[in-house]
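For Glu99, Trp100, Leu101, the entry in Swiss-Prot reads ATP binding site. Residues or ranges marked as active site, proton acceptor by Swiss-Prot on the basis of similarity to another entry: Asp201.
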Amino acid sequence: MPVNSPAPWQTIAQQISQTTGQPFRIQERRSVSGGCINQGYCLVDGEQKYFVKLNQAQQWQMFQAEALGLEAMAATQTIRVPRPICHGSSAGHSYLVLEWLEFGRGNHDSWYRMGQNLAALHQAGGSAQFGWQTDNTIGATPQPNPWTDSWADFFAEHRLGYQLALARRRAGNFPDPAVVVPKVKQLLGDRQPTPALVHGDLWSGNGAILTTGEPVILDPATYYGDGEVDLAMTELFGGFPAAFYQGYHSISPAEPGYQQRKILYNLYHILNHFNLFGGGYQQQAQQMLKQCLRI
């Protein structure tokens, strides 16, 4: 949760200066959207401008993991992501400084290109196993990423099983993970995709088009998984334009069984939203469990 005590602006400015090699003094600071989890600010010094996320000091590992994910996606040279500048903790806060991006309005070509770029990210390789070099977060929820050989095992145990255990502690009328996990493994069966570097939290608010027309993806929960998890989430919470899917499938054609797997993959996010926010997500998650697992 964001904190109300004064932020360590001087410390942040000093670290920006040290990291970039350019003197930076905050001439202007304004509050901008940081999402449901963090506080967001724009810091300006002449032509230099940065986006800063703030949270409680104990959340510094969340920002460290986000920076690692952004750096890994950038290294593939497939899709634009915000460049992390620096991160740290001071005076009761943790912070992540990113390059400032100017968002515009996308057209058919830019959304088509975003789909192509995401497919290229998914095909970039980089790991023989599923998981990630460190645990990270999905929103504010811890996301475990132990290296795992089997995709069915990874998703069943470390995605749905983990979120279900949290949900049962919040509301006892969810099924036991000990019952659900074997069913998920059976449903995914022998699906063993090549591990893809995925964004991990790609709803419509985390994809945008810059004023230059270049597509960009934001706020990742990165790991190596099934590329379909990203595609599935783009259809949740508003969806992406049709041109995006045309572009994606021009590089990576749709595979049989995706419509069934999509429900399973998006159940992870609905469970996470219940664990974060409660409310109607409980009923939605229970309906999805019945729909895809007959539970």
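Heads up, the Cβ atoms here are built off N, Cα and C, so glycines get one too.
Positions of the features from Swiss-Prot, shown on the structure.
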| residue | record | CB count, 10 Å |
| --- | --- | --- |
| Glu99 | ATP binding site | 12 |
| Trp100 | ATP binding site | 17 |
| Leu101 | ATP binding site | 19 |
| Asp201 | active site, proton acceptor | 24 |
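According to DSSP, Glu99 (ATP binding site) is assigned to a strand segment. According to DSSP, Asp201 (active site, proton acceptor) sits in a coil region rather than a helix or strand. Across the fold, the C-alpha of Trp100 (ATP binding site) and the C-alpha of the residue listed as 'active site, proton acceptor' stand 20 Å from each other.
Annotated pair the residue listed as 'active site, proton acceptor' and Leu101 (ATP binding site), C-alpha to C-alpha distance, rounded: 19 Å.
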